[in-house]
Amino acid sequence: MSDKKRLIWIDSLKGWLMILVVLGHAIQSSLGDACFQNHLWNLIYSFHMPAFMAISGWFAFSNTSKNINVGSLCKRRFNQLMVPYLSWSLLRYVISADYSIGNLSRIIIAPDSYFWFLWVLFWIKVIFILNQKIAAKYHMDEIIPIGITCLLLLGIMVGLNLRVFGFQFLAYYYLFYFLGYAMRRFNKLQLTNKSSMICLGLLWAVLAWFWNMHELPVWMPRIPLCPTSLLQYAYRGVTAILAVLVIVGVARKALDSSNRFNKFIQEVGILSLGIYTCHLTLMDYTVKLLRFIVPSNKEEVLIILGFTICGFLSWVIVNLLKKNMITAQFFLGK
């Protein structure tokens, strides 16, 4: 997207979300499995990646989608997303010191071990493009094949529990990409009333407080004959949808600013792909080194230092990568 066409609030929102992504991974690397009981970590994970996916889906709606060139558009998305995914994954494979075929194959078979968001976003975009092309060919509203695909993916995810090639992520996050598309297309889904934002925001906060990646809230009743996995996905999905609706509504008003601080946050958003992949590569190593100087009972200090140092290093490295045409192409999708 050219600078002339960029939406300030979108880039600013991406910037804030990326800051939360780095903080979330700093908490996870510092606390290990104990992060699942950390309210701040649960709060961040209840919405940050669904919100990123919804922002991407925002741009999927276009009045000219009937005239899209599938091959050209898929190639462009491959260069933007899959090339950086493969480049960073291979780099991480090299520095892991585990050169087994099994570890190498995980880049494709189990992309959740690497930079799954880029992998999933690429395939979601491809599916969306194909659905839009099918709709144009058969002269139907594109929301029909898009919606049917969403239901099919969710049904397969819950019914078969497929966990290869990142399918579980693709099926789940397709819903939020679809949500972003729908919000852009249907203005009524965009919150503009402060009372609505406050009410839905409070509801999200309550659900997020009890949110857990692997468990249902203790107060939530189990439904006979209903799989627990379905209830978990439903709870997580509703929580994230509420967050996306509120955050987008607030961002459109609060983040559409040209002041100096917001420009910095906007720049973080513009470079979010590189910061995402770079900080994931560095975070575990950063935290391991910090453990030599930070007392074992000072986890808060470890989190703050890991977040600050890894975030800063990622910012510097990404800005260096974008200066060279080759590194920008392979690692940033430029």
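Cβ atoms here come from the backbone N, Cα and C positions, even for glycine.
The transmembrane segment feature in TrEMBL is assigned to 7-27 (among others). Among residues of the same chain six or more beyond the transmembrane segment (7-27), those with a C-beta under 8 A of the stretch's C-beta atoms are 35, 38, 40-41, 44-45, 48-49, 51-52, 55, 58, 247-248, 251-252, 254-258, 262, 264-270, 272, 275-276, 279-280, 283, 287, 303-304, 306-307, 310-311, 314.
Annotation source TrEMBL lists domain 'Acyltransferase 3' at 8-317.
Outside the transmembrane segment (39-61) by six or more residues, the chain places 1, 10, 13-14, 17, 20-21, 23-24, 27-28, 31, 117, 121, 124-125, 128, 173, 176-181, 183-185, 204, 207-209, 211-213, 236, 239-241, 243-244, 247-248, 272 with a CB less than 8 A from a CB of the stretch. Annotation source TrEMBL lists transmembrane segment at 39-61 (among others).
Sequence annotations record features per position, and here TrEMBL assigns transmembrane segment to 82-101 (among others).
Residues annotated as transmembrane segment in TrEMBL: 113-131 (among others).
Residues annotated as transmembrane segment in TrEMBL: 143-160 (among others).
Annotated transmembrane segment per TrEMBL: 166-183 (among others), in sequence order.
According to TrEMBL, the feature transmembrane segment maps to 195-213 (among others). Sequence-distant contacts of the transmembrane segment (195-213) (same chain, six or more residues past either end, CB-CB distance under 8 Å): 36, 39, 42-43, 45-47, 219, 235-236, 238-239, 242-243, 245-246, 249-250.
Here the transmembrane segment (233-252) has Cβ contacts under 8 Å with residues 9-10, 12-13, 46-47, 50-51, 54, 154, 157-158, 172, 175-176, 179-180, 183, 189-192, 196-197, 200-201, 203-204, 207-208, 211, 216-217, 220 of the same chain, all six or more residues outside its ends. Residues or ranges marked as transmembrane segment by TrEMBL: 233-252 (among others).
The transmembrane segment annotation in TrEMBL covers 264-282 (among others).
TrEMBL lists 302-321 (among others) with the feature transmembrane segment.
Only pairs six or more apart in sequence are counted, and the transmembrane segment (166-183) with the transmembrane segment (113-131) gives three or more Cβ pairs under 8 Å, enough to call it a contact. Across the residues of the domain 'Acyltransferase 3' (8-317), the predicted structure has a mean pLDDT of 92.
Panel annotation: around the transmembrane segment (302-321), residues 19, 22-23, 25-27, 29-31, 268, 271, 274-275, 278-279, 282-283, 286-287, 290-291, 294, 327-328, 331-332 of the same chain, lying at least six beyond its termini, place a Cβ under 8 Å from a Cβ of the stretch.
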